[in-house]
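Just below is one structure, and these are the notes that go with it.
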Amino acid sequence: MAKLLSCVLGPRLYKIYRERDSERAPASVPETPTAVTAPHSSSWDTYYQPRALEKHADSILALASVFWSISYYSSPFAFFYLYRKGYLSLSKVVPFSHYAGTLLLLLAGVACLRGIGRWTNPQYRQFITILEATHRNQSSENKRQLANYNFDFRSWPVDFHWEEPSSRKESRGGPSRRGVALLRPEPLHRGTADTLLNRVKKLPCQITSYLVAHTLGRRMLYPGSVYLLQKALMPVLLQGQARLVEECNGRRAKLLACDGNEIDTMFVDRRGTAEPQGQKLVICCEGNAGFYEVGCVSTPLEAGYSVLGWNHPGFAGSTGVPFPQNEANAMDVVVQFAIHRLGFQPQDIIIYAWSIGGFTATWAAMSYPDVSAMILDASFDDLVPLALKVMPDSWRGLVTRTVRQHLNLNNAEQLCRYQGPVLLIRRTKDEIITTTVPEDIMSNRGNDLLLKLLQHRYPRVMAEEGLRVVRQWLEASSQLEEASIYSRWEVEEDWCLSVLRSYQAEHGPDFPWSVGEDMSADGRRQLALFLARKHLHNFEATHCTPLPAQNFQMPWHL
């Protein structure tokens, strides 16, 4: 009877992975009392085959889930319509509640029938036995056997806790349950006294901004968190997970962040290969509709690196909602997991981000300054210009206030706090992070990210002449035009390198540098062009084109 109840309440099983010979336990090693033998690919098909009763009951419950999601998103309009028609009176609500209660009872009955169907299936009984054994005892053998199954991630046991590192238990400087530290925007009116009257005046605007951010704004910014989109992408995500596990020997893990969100991760270890880049770990930060199953992790994987991918809060197996604070909390536990559980030193970690993933990448580089390098692909400096691009001009004040208070993705500000090597990849046909049209390459916000980085690190070089010539170089729409501008100013790379190395040897590596202070205008132009070319590479493609492995290059450093 207990097993039947477990089948009724158990998670949905999607797939049974092919077990690799290298992962099977040696015959000489005795099993623990709670260990259960996992199925081999020779006995069962790798795709879970539900019985007819479970299959039909699952279809009914999945349809009910879709209808509930549609009802949730349309509820404001539905309530408004019902109110206008007078259907929200007590005489109308009571019968409706009876219908809703009856429907819930019917769905509970369908769930019980699904449980009976699972109970009669030896594949599911084997799986639920392993899952229960792992929850009782998270031994390496039990976790190895559980990794052979792909199921609803909510039931996956937690593999790593944000407080697990001993240094955080002893130190009071780490993150609290409220979250890690973020850079906050400065008040808009610094000279105005923050009196009670001013607070009351601002209250309607603050309430409006909060409602916009938590309804329309968050879903527009992170469409991958919308349940209906995830439901449509589920077959593709399952195929992507199967490829990472079966072909790349990936290991899935659940991390618990300081805010209570559970973060879905996938780790591919290449340290045992002959390729030297396998000793480096690339932590990948996906875009606003990207998932590690089908996202930018493929680029460093093809290049031979060890890779750690993770999903934003609210994406696929990760819980929560993707607001900046939750995003930073998730990134924090991912980096801690890489260092304290996977055993990588910060000097062996590379942060790689695509598009909106630049926020968590720059936060990690700012908070963990010892990481080896950072690569930002198709990213931007600040969210406000891009948000204003897609909203009406009459909403400018509301949009700016909402972004600054609730969705402040200040990539450039965080990037300037990082002292290590940085490479920016600008897509010359980008249709997402341009503020006008894709053909207008100067409206690409990657330009502003580069300029802010160089102006912070080399303020004397990027004054007047240097800034002007870098803008000319950024206007080039082809490699031929770039080379023409570079050769026009007769940039001597050996001279530029010697100047920078001499300054570093005398003053140290910490930015900002005052190099160029006593330099001629021609020298500043040469140095500015040299630095711009080293920090930004062009890729002739649109925003969502996968980055080829040959374009995944380590950033330049002295």
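Keep in mind that glycine also has a Cβ here, set from the backbone N, Cα and C atoms.
Over in Swiss-Prot, the protein carries these features:
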- S355: active site, charge relay system (ACT_SITE)
- D430: active site, charge relay system (ACT_SITE)
- H507: active site, charge relay system (ACT_SITE)
- 281-407: domain 'AB hydrolase-1' (DOMAIN)
- 114-558: topological domain 'Cytoplasmic' (TOPO_DOM)
- 60-80: transmembrane segment (TRANSMEM)
- 93-113: transmembrane segment (TRANSMEM)
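In the three-state DSSP classification, D430 (active site, charge relay system) falls within coil. Reported as a whole number, the C-alpha separation between H507 (active site, charge relay system) and S355 (active site, charge relay system) equals 35 Å.
The two recorded residues, D430 (active site, charge relay system) and S355 (active site, charge relay system), show a Cα separation of 11 Å. Counting Cβ atoms from all protein chains shown, D430 (active site, charge relay system) has 23 others lying within 10 Å of its own Cβ. Listed in sequence order, G287, N288, G290, D377, A378, S379, I432, I433, H543 are the same-chain residues at least 6 apart in sequence whose CB falls under 8 Å from the CB of S355 (active site, charge relay system). All protein chains considered, the CB of H507 (active site, charge relay system) has 11 other CB atoms within 10 Å.
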